[in-house]
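Visitor: The following feature annotations were taken from TrEMBL:
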DOMAIN    43-383  domain 'PUM-HD'
REGION    23-45  region 'Disordered'
REPEAT    63-98  repeat 'Pumilio'
REPEAT    130-166  repeat 'Pumilio'
REPEAT    201-237  repeat 'Pumilio'
REPEAT    238-273  repeat 'Pumilio'
REPEAT    318-355  repeat 'Pumilio'
Amino acid sequence: MMTPPVFPTDRSGKMNNRAQAVTVNGQHRSNKRPPHVPHETTPPSPLLVKFRSSRDQNWEFEAILGHIVEFSKDQYGSRFIQQTLEKADLERKETLFAEIAPNHINPLLRHVIQKFLDYGTEVQIATIVTLVEDQAYELSLDIYGCRVVQKAIETVSKDHQKTIISKLEPEIFDCIRHSNGNHVIQKLVEVVDPSLLTFLPFISENLCTLAKHPYGCRVLQRCLEHLSVKHSQDILDAVHTNVVELMEDQYGNYVIQFIIQNGRVHDQTKIMNKICSDFINLGRHKYASNVCERALVCADSDLRARMINELLRGDPRDFKQESPLSIMVKDQYGNYVLQQALRVAEGEQKRNLSELLPPLLSFLQETTTNYSRSITSSKSGGVFRCWL
């Protein structure tokens, strides 16, 4: 079973939401978003107030006629309408639909509209789908509207899916990088026939820009999770071309971790060989160190042994010389990688690390005053801990 995608929960904490300039296919654009316009709110009618305070009573559908839109916007009123719709006859469905389906989709009616996609008549469903197609981009960027688009994508035929994609494709960059729009693109990747995803070349051509974005990296992980090798190969090729750059990025490193954990053996091995070739430097990088930890956990025994051998190079017993082990012990990111290596090491490597660390830690404790971090190593029969 495929492990769920790894999503950004970066050690560094806060996300930088300031507008940044980006280059897409040679064109300079800004990711600055239009100001958010809050949805209008109006005081509830006396009928809705009465309904909220007496929901345990057996309300009749006819009692709320003329207030369907208002009730559809309310948590409890919407639930009542949805339950009514599940059991409604044709006449009631027509009455309901006449009130909620003007010439556009109101995102605040999302729950009732989605229920119509499941229980409406063919004509009602076709009407909603047409409206969703016409408003696909605007709805996709709306916190509520994006749910309606996702539901439509799951429900409609391939022809309608193609139409929705055609409406979004001119603004695919903004959709992928939008807090709501990215969920619509993920849903397309998840449920639509890959041959219909005509925006995939755009993703591979702009892979670095997208992988370095908090929402773009999520879309990429969905692509790697759901697409076949045939449809994801260009994306993977772009990843391998920029693998070190992505390892060292705040969000790009999650894409690399995802491949290490869930990718094909060929791609995993290719990335881990790159890590082995510069393990000490990558292990001391703020973001690449996370990739090194993931690689130590997911690697086969041979690749893991190669990584740990990088820690054991030189003579760690010669305290006058900087060895990879002493460098990693003292580094604010490298020490996490070292701790992971201690947890997963086996056989002779584990014995070597367990024997070399205590005297090294004691020496550093006596001679170093500008560090304050914990180094731990698991060993059969006990745990070493030293504060430097």
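Heads up, the Cβ atoms here are built off N, Cα and C, so glycines get one too.
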Visitor: Counting only residues 6 or more past its boundaries, what in the same chain has a CB within less than 8 Å of a CB in the repeat 'Pumilio' (130-166)?
Guide: 39, 101, 103-105, 107-108, 110, 113-114, 117-118, 174-175, 178-181, 183-184, 187-188, 191-193, 196-199
Visitor: Need one number: mean pLDDT over the repeat 'Pumilio' (63-98).
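Guide: Averaging the confidence scores along the repeat 'Pumilio' (63-98) gives 94.
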Visitor: What are the DSSP helix, strand and coil residue counts for the repeat 'Pumilio' (318-355)?
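Guide: Going through the repeat 'Pumilio' (318-355) residue by residue, I get 27 helix, 0 strand, 11 coil.
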